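To start, the structure itself, in structure tokens.
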């Protein structure tokens, strides 16, 4: 138990950065491999959140300023807005194409 | 010299544009008005050229001295006030003529006039003539512009009208020919653009008005090594960048000439273009390439010129022989003339690469003479094609009896083309060989074989067209008509006149050519010893 | 502060342990005799019909969207509210501007009947008809 | 070491409280229901008014078989009760039971509670989706739509309190209201804070899916909503979470508007121990109110539900917040 | 403290009037459209026009000022004001286009015109903010405002398959690259602890940095910028979106959104990654920060962008798609100005922007008119169009020639200045690539001209008539294209005076 707590106290910047890097990579992986538009969007959300973790971690560990937190709030909000728009667009795509598989939606390439 | 407060050069350059606007305003159904407006405008151009000739001072050299230019017009066109991090920007409206350009101005006026008459029968008159007149302005502007920027603008202004003129009024493969012409020429001119910009940043002069140091597009300033800013890209002589720039410029002009590896657009364009446009192409446009070399490449990059004179002479030789051989192989009359153009432009290249008075004089004379002769030849092809709707040489024969007047004119043109003494072609070719022989003995000797091949194909063509049995289907071929004669006879007179008495043309350019040759060769060899020049 | 959040982590862990514990205890004393009838899903005693994983009404999405807008707004308002009294009138004006812009969106959604649960008629026809209607969209007849 | 122990104890106390409270309130609810409907309810188990009935129920649930419906998403199906319960329980961490006891004294307490309770929404959706049952899915969707809609008025009314209190820390919110009945937020800026409270209270009813907003588990339409397919202990966990939520929102009402652990009589009967009493009794009062409402009001239709949230409560909240804001500065 | 804060803020607001007026306008559009939208279909358009004119007035008044407002969030300087002119003009023109657009009149979009103009204005507002923001978060926010508006605009015709496909592709690529960008921003923030680009630069210079991390974050941020300006590795969305979106939107995106991206990119690079302690001999040149050769990266990007854009454009038969690739190529040209790392390069880009504004909008307008009259954007319908609609043919030809960069058109002047900037900075290889690309581009531009004039109409031969309004719009766009091609001093002076960025030499 003692060990656990001290470990918690020793959490440093690197740990956050590693988490965020993992999250970022997962997001990229999702974007690259998924064919479902919603899944791709979720991958993008992961990327945004990894940036958020970075912001907060940097803000916490480097300076006393709050700018990193502020940035995170704005990113959250933008992520929300973007998700809203994206999902609306995907819905519309579904109405027109009856699928959300982005590989099948390629009328314009032809 | 001014007319109505506007310089004569401005008149001669922009008169066609005025005429073009008039043409555009002509109501529908009045095609004749359009034709007359155009012919009159180009006619006035000829008159203006003659006026200029009459007022021309033969003792002024020009080339790199402002005082040596005549009919100078120099105004600030673009004048952007300076900012801290970048100096004042000045582009001038700077026109003037000297011995190098005067023959070309006369030639352009003449050929444009004749082309306008020759275009009488073409359809879609309004579009045709407005583009034609725009083209005229571009050509004339190139020959009188002394500001590089202005030169470039005129150079490019020609492209689009030419594209349309070939593309709309041309033969069956007109689209291909037009786009090929356009792309080749644009490729050449963008290289020129880069060199121009480089030169602009390398030269700086003191602004006479404000005393500021300004960059300039003034060609004359670019010719003076003292104006080059130290450390700039083209400063000094015999530097790698200057050689690269010279080659780039050379390619740009060579495409227009055309010199052999860049010539493939020419047969297509000439063959597909309608007769008057072929006339313009061969009579004026090709000369721009060599004119550009004389006006820009040589004086601005004398070091490059001197270094690459030999390759250039070899290229000229290749042009002569290749063009002639290719012409020999042609079945199509017009294509034959096109290849003969390549061959004849080779003489020009050879002559000017010799860089002595005879050679350069010969080159310019050949430019003028080839302009008139080849114009005649294309008109001749046009006359035949209008009647027979074919240009296959093998389909004809025995026309001498059927079309005697035509035969007479053709013989003059043909013999002028093969360089028969007494006709203008001989004089210029003789000068070219005289000049070239002094510098590149063997190249000159080998090039002379070109004359023999030329004689071969010209005579063979004469035989195929006019001698032998007249095929049955050409029994009713009418002889040449009055309008066609009007276009051909003046050219024939000039050809004969200059063949017998070439002095007016030689005198016109003599001072300038001497100056140019001295200037370029001394500068080119002087290396870094600057300031030795007039 | 980190400590406080560790406490919350503790809360979460405890709650998970509690649920897990309850389920495990349950596992030892409950019977386990599944059969097909039992594991059939419950539809009031009838045989289940169709696939339950259906597309649901677009309304849910609209609600989510409007919620998102306001929730995001609330996120901004909380920090502002905390120091509201320190900032005084100025903060009030700023907030009014901010809220007005949001209220504009709210009014717009209201006026466009996006706050109604039951819209009078469906906004879209079926997909097949929709495509046809776009083809002949110039004819003005088909309401999309 | 003691630190850890302290923390551990502090975090178990609310659990014990919830368990006791749930058992009690189960009984109370049935009794209230019965009396409202003019009957007696539990009477036999354990003797006095069937006091042992809830315990018996609990034992019964413990011995019930788990049925996992065919074709369900097994992982989500099992995970859902965890999420739901964890969501509501973790919120207790920021509740100040008294002036000296608060498990996690967060400086963003109320914000944290708003955030952590969204877990419940996810849990409900998981449950509804994984059950492979139409009614469950409908119930879950409705529930989510409802919670999400009423989140706005809730958040806005909380915001009003934050303006008044100037802090997000729930302990400090209570501190601000210290000193008797008339220092409580409910009496400030009359009548705006009262309106705020009403909005909060109505919205909180919807947040915990209580009548008149119990559309998600409307028995007559949807069987039992999102937990139709749940049996045994898993079902019990949903139930427990629901009761925990009931007290949670009531407790927040008490804290935000009624002084939390503050004694209504100023210094009289105040102190940490009394604080627990006051807080719990205020909380239970609102729980009682919720139960009463359940048996007095009919259920709303879905469209009415949305109407109330979006077109009544939200605009009023906006006006309210501006009014309070303006008043707060002018004062 | 509060007092001072308020004073600062009111002061800032005074210098924020263009944005404020835009915001008010867009609110009015949505509100009045709700109230009067049923009776007056185009009320949104007219309010937008009025609002834009008012904004223009404020912007003109603002020109020349050079200060920062909102505590280092935003700057007003000639550079941003210049871009605001570009945005306003393009928005004005687009609103006029939209009034005439058949796509908006004949589909379900006609019932949502208020929203349409609202989005156009909000895109413009976002572009305004992009041009002026100097804080990374602010930059990201404004970029997203532009992006989100444009996602919706691209899919504005909901029932059209290609429109919705366009918007989906746009949103996916856009969201991804903005995600990469914000990750890059977070890394830079971690490296320096600053979000303001000036402070960031100072911190980089004073405390040192790891070039690798800086390089990674720059590359990530370039993803965001590159997507906005459709530079090559991030250009995949462009052809699809440009083809699928309504033409008015495509035209708007190709000018406003791209210009905004460039405005921000240049400011960001110039403010963040130059070494201001070093003074170079050449006036107006910037010293690149140690260990981060971003000019080379941009140079490669630029060469790739124009080459890929031009070469793929050759195969396109849909005019909108062709113009999309051409706009990619133009992004490559404009990027050349960044490579120079001199004020001269920026001024060249600014000149090019004005040229691009007129010629590109003009080209899209012509495509729109033709698509309206013939129902297709395919190159086939252009056959013989020069004879069916001579005026349009000539005007379109002028625009295409200008896009190629042949004198005497404005496009040539733009290219001239870009190439001269490169040669002045001795980046000659790129200049050569650039001019060769101009030659390549000629091929596909002239293909359209060829179809219009060198071919005869195939089926339909009737001549096409245009209303005076159409002709006026064409003239408004074609006259500057020609006039500034021969007399460009005012534009050059404007551009030269507009390179001044706040706090930078």
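Cβ coordinates are placed from backbone N, Cα and C, and glycine is handled just like the others.
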- Task: Please find, within the list B:367-385, B:386-404, B:462-480, the residue stretch that TrEMBL describes as transmembrane segment.
- Result: B:367-385
- Query: Do you know which of B:308-329, B:506-527 TrEMBL annotates as transmembrane segment?
  - Reply: B:308-329
- Query: In TrEMBL, which of B:220-242, B:243-265 is tagged transmembrane segment?
  - Reply: B:243-265
- Query: Can we call the transmembrane segment (B:367-385) and the transmembrane segment (B:243-265) in contact, meaning three or more C-beta pairs below 8 angstroms at a sequence separation of 6+?
  - Reply: no
- Cβ-Cβ under 8 Å with the transmembrane segment (B:308-329): same-chain residues at least 6 beyond its ends: 243, 246-247, 250, 254, 257, 259-260, 263, 336-337, 339-351, 353-355, 436, 439-440, 443, 446-447, 449-450, 453-454, 456-457, 460
- Task: Return the stretch with the most CB pairs under 8 A relative to the transmembrane segment (B:336-355), choosing among B:140-169, B:181-201, B:277-296, B:406-427, B:439-460.
- Result: B:439-460
- Dominant neighbour of the transmembrane segment (B:181-201) in B:140-169, B:243-265, B:277-296, B:481-501, by Cβ pairs under 8 Å: B:243-265
- Message: Tell me whether the transmembrane segment (B:140-169) sits in contact with the transmembrane segment (B:102-120), defined here as at least 3 Cβ pairs under 8 Å among residues 6 or more apart in sequence.
- Response: yes
- Query: Residues of the same chain, at least six outside the transmembrane segment (B:406-427), with any C-beta under 8 angstroms of its C-beta?
  - Reply: 340, 344, 365, 369-370, 372-374, 376-377, 380, 383-384, 399-400, 451, 454-455, 458-459, 461-462, 465-466, 479-480, 485, 488-489, 492, 494-500, 502
